[in-house]
C-alpha cells in the first residue's frame, strides 16, 4: 500500500477524465454536467480516503511521496507528496471545486469546454499544492493561467476581455520572476540541476543570493495572493467572472499564493524571510485597512466582495510575517476559512445577480421579501466574513493576533502598532459588510417589472450554501479539526528560524 | 448579532435598517478596544483565566515590574468595550435609535440584560481596575457625564420609547458611577432593581403604543408620540397602574425597589466627591421630572389627537404642549378612529 500512487491518480484523474468530455456526443448539456460532477465527487472521495487511511497526523515529514523519473536530462522528476501544510488546501480545493461545478449548472453556452476547463483547474490546483519539485510547482502554477483566462473571457461580465487580459498579464509577469527564481535555486551550487524541495531546503545559500531569490519569489506570490500594491487585477477579475470561476479564484487560487509564500519563502529561504518579515507584517496591516476602506466605496457588489477578499488575505500575510507558532497556525486556518467564506459569498452574489440582473448596489434594495432564503444565507455568511465568534473567521483572526503578540522577534512598540492597525480593520469590516446587506436587502422597493424568474433559492443553491456553511461553523466551534493537521508542520518550519 | 437582527426586525423600514447597522458598528468600536485590551493583558500576564489574571496582575503592580502607562492603556481599552455595550458617553449613540425595534426587544435587551453586560464586565474586572486609580476616576467621570447627559436629553423627548431609552442611559451612568467609586455591590444591586423597573416601563409603553396604533395609525411618528397621547387613564387603567408603579420606583420613592439602590449610590457619592454627589442628587431630581412628565403626558389630561398647533419641526417654546389639553375639547370616542387620523393630516 505504501507504493500505490494515490497522489498521481488524484492529480491526473480530473484532467484526463475531462479530456474524455470532448468525446461525448452532442446530445445536450445534461450528460456533461452529471459526468463532471461525478468525476469531481469521485476525486474528492478518493482524496479523503487517501488522507484518512494513509496519512499520519503526527509525522511532520512528507508523506505519500512518489518519485518518478521524467526528464533525466535536467533532473526533472515527477515528485509529489503532502504534509500537514498542504493537506488542508488540497481538501479545500476538492470541496470548493466540486461545489463550484455544482453551482455552474445554469451555464448553457459551450458547456463542454466549460466543464473541461473546470476539471483542468482542479488538476492544476491539486498538482501545485502537492508537488515536491520546484519546477513541477512552476508548471502546475502556469497550468492555472489558461483555464482562468478562457473561463473569464468567454463567460464573464461586460468588461471581461479587459479583465482577462489584465489578469494574464499580471500573473504571467509575476510568473517570470517565479521561473527565474526556480531556475536559480535549481542550478545553484552544483553542476547538475536539482529541483528537489528537500535537497534545496537543506542547502544554505549566501545571504545576498537568498535576498535576490526571495524578492523574485515574493513578486510572483504577491501578484497571486494579492499583497498591495500588486492587487489591482483582482477586483476587475472577480468583478467580471462568472460566479463559479469566482469561487475557484477567491477560494483557491489566492490561497496558492499564500501557500507558495510559506512553502518556498519560509522553508527554503529562512534568512531572507527573517529580514523581510517586518515589511510583510506592515504590508499586511496596511492591506487590511486599505482594502476594507476601498471596499466601502465600491458600488459594484462583486467588486465589494473582491476587496473584502483582499482584506482578509492581509491576515494571512501578517500571520506569515510574524514568525511565531500561533501566527503561522492562524494563517493556515485563515487560508482554509477564507477559502470557504469567500467562495460562498461570491456564489450568493452570483445567484442573486442571476435573478435580478443588477450589479450596482444603489439600484438594488428591498430584496429580502422576494428571496428570503438567499437573504438568510447572505446574512449568515456576511457575519462569518466579519469574524463573528462561532465561525471560523473569528478563530483565525484571533490566533493571528496572538501570533503577533507572542512573536519573539519584534520590539514591543512594533507589535503594539501592528496590532492596533490590524484591529482597526475589525471596525471597518462590519461597516462594508452590513452596509452591503442593508443596501441589498433591507428597505422596501417596488420593482417595475416583476418577472417570473424571480424565484427564491432552489434545493441546489441551498445545498451549496449550507454545505459551505457547515464547515465554517464546525471549524468555528472546534478549530482543532484544522490545527491538528498543521501544528506539527508549523513547528518543523519554525525550527529553522530559531536554530540557525 | 442578536441585537442587530432584532433591531432590524421590521427590515422594510429604512430607519430600522440604519439603526441596526449603527448599533452593530458602535458596539464593534467598543469590541475593538476590548480585543486590544485582552491582547495587551495576555501579553503582560500570559494567562486568560480571571483568578490567575488578577493574582499575577496584582503582583506585577505591587512590584512595579510593568510599565504603568501600558497597563493603564490596557485597562482603558478593556473599559471601552463596556462603554459601548452599556451606552455610556461617548458611545451612547446607538441606544436611542435601537428603539426602532419591537418593544419587547427594548424591554429585554436594551433595558435589562444586554446593556447590563458592560456593567457586569467592569464589575468582573474590578480587581484589575482597583489598583489603577486613574482608571477608577475615569470610570466615575464617564458615569457621571452619562447620568447628566441622559437625564437632560430625556426631558426633551416627544417619543415615549426614546425618552425611556435616555432614561436607561442615565441609570446605567449611575451604575458606572457606583463602580467607579469602588462599590460594586451597590452597582449590581441597582442593575437588578433598574432592570425590573425599566422592563415594566417598557412593557407598559408597549401596551400604550399598541392601543394608540388603533387610533392614529402604525407610523411610530404618531403612535409613539407623547404629544398626541393623553387622558388614557380611563381607557387603559391596568397599564396606568403598572406604569405608575414603574415610574415611582425609578424616581426612587420608597418603598419601591430603586429607592434602596439609588439611595446607596448617592450616599456613596457623598463620601467620594462632593461635586459628583451634587450632580447625582440633582439628576435624581431631573429623573423624577422627566419620568412624571412621561406619565402625565400619557395618562392624564385629555386626548390630544386633535392637537392642531403641533408642528414637529418647530422647536420654539411658544408651541409647548398644554398638559391639560385645550379647554372645551371633547375626548375622542373610540368608535370613530378615522376622525383623529383625518384631522391630523
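Here the Cβ of each residue, glycine as well, is placed from N, Cα and C on the backbone.
Beyond the ends of the transmembrane segment (A:6-24), by six or more residues, the same chain brings 31-32, 35-36, 39-40, 42-43, 46-47, 50, 54, 64, 66, 68, 78, 80-82, 90, 112, 115-116, 118-120, 122-124, 126-127, 130 to within a C-beta distance below 8 angstroms of the stretch. Under the heading transmembrane segment, TrEMBL lists A:6-24 (among others).
For A:36-56 (among others), the entry in TrEMBL reads transmembrane segment.
If one looks beyond the transmembrane segment (A:113-129) by at least 6 residues along the same chain, the residues whose Cβ comes under 8 Å of a Cβ in the stretch are 10-15, 17-19, 21-22, 32-33, 35-36, 39-40, 43, 47, 80, 82, 86, 89-90, 93-94, 97, 100-101, 104, 107, 136-137, 140-141, 143-144, 147-148, 150-151, 154-155, 244, 248, 252-253, 256, 259. Summarising the annotation, TrEMBL assigns transmembrane segment to A:113-129 (among others).
Feature annotation from TrEMBL assigns domain 'NADH:quinone oxidoreductase/Mrp antiporter transmembrane' to A:131-417.
Beyond the ends of the transmembrane segment (A:135-155), by six or more residues, the same chain brings 76-80, 107, 109-110, 113-114, 117-118, 120-121, 123-125, 127-128, 161, 163-164, 167-168, 171-172, 175, 178-179, 182, 186, 195, 237, 240-242, 245, 248-249, 253, 256, 260, 263-264 to within a C-beta distance below 8 angstroms of the stretch. Look at TrEMBL and you will find A:135-155 (among others) tagged as transmembrane segment.
The annotation transmembrane segment is assigned in TrEMBL to A:167-189 (among others).
As annotated by TrEMBL, transmembrane segment applies to A:204-223 (among others).
Residues 211, 214, 218, 226-228, 231, 307-308, 310-311, 313-318, 320-323, 404, 409-410, 414, 418, 421-422, 424-425, 428-429, 431-432, 497 of the same chain sit 6 or more residues outside the transmembrane segment (A:274-293) yet have a Cβ under 8 Å from a Cβ within it. What TrEMBL records for A:274-293 (among others) is transmembrane segment.
According to TrEMBL, the transmembrane segment annotation covers A:305-324 (among others).
The transmembrane segment annotation in TrEMBL covers A:330-353 (among others).
Residues or ranges marked as transmembrane segment by TrEMBL: A:374-404 (among others).
Residues or ranges marked as transmembrane segment in TrEMBL: A:416-437 (among others).
Annotation comment: TrEMBL describes A:462-479 (among others) as transmembrane segment.
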Taking residues 6+ outside the transmembrane segment (A:167-189), which of them lie with a CB under 8 Å of any CB in it? 75, 134-135, 137-138, 141-142, 145, 148-149, 152, 195, 200, 203, 205, 209, 212-213, 216-217, 219-224, 230, 232-233, 236-237, 264, 268
For the transmembrane segment (A:462-479), find every same-chain residue at least 6 residues outside the stretch whose CB is under 8 Å from a CB in it, and list them. 95, 99, 102-103, 333, 336-337, 340-341, 343-344, 347-348, 373, 377, 380-381, 384, 389-395, 399
Can you work out which residues elsewhere in the same chain, 6+ from the ends of the transmembrane segment (A:416-437), have a Cβ less than 8 Å from its Cβ atoms? 281-282, 284-286, 288-289, 292-293, 295-296, 301, 304-305, 307-308, 311, 314-315, 318, 361, 378-379, 382-383, 385-387, 397, 400-401, 404-405, 410
So if I exclude everything within five residues of the ends of the transmembrane segment (A:305-324), which remaining residues of that chain have a CB under 8 angstroms from its CBs? That is, six or more out. 225-228, 231, 234-235, 237-239, 250, 254, 258, 261-262, 266, 273-274, 277-281, 283-288, 291-292, 294-295, 298, 330-332, 334-335, 338, 341-342, 345-346, 349, 385, 393, 396-397, 399-400, 403-404, 406-410, 418, 422, 425, 428-429, 432-433, 436, 494, 497
Are there residues at least 6 beyond the ends of the transmembrane segment (A:330-353) whose Cβ is under 8 Å from a Cβ of it, and what are they? 85, 88-89, 92, 96, 99-100, 103, 238, 242-244, 246-248, 250-252, 254-255, 258-259, 262, 301-302, 305, 308-309, 312-313, 315-320, 359, 367, 371, 374, 377-378, 381-382, 384-385, 391-393, 395-403, 440, 457, 461, 464-465, 468-469, 471-472, 475, 479, 482-483, 486, 490
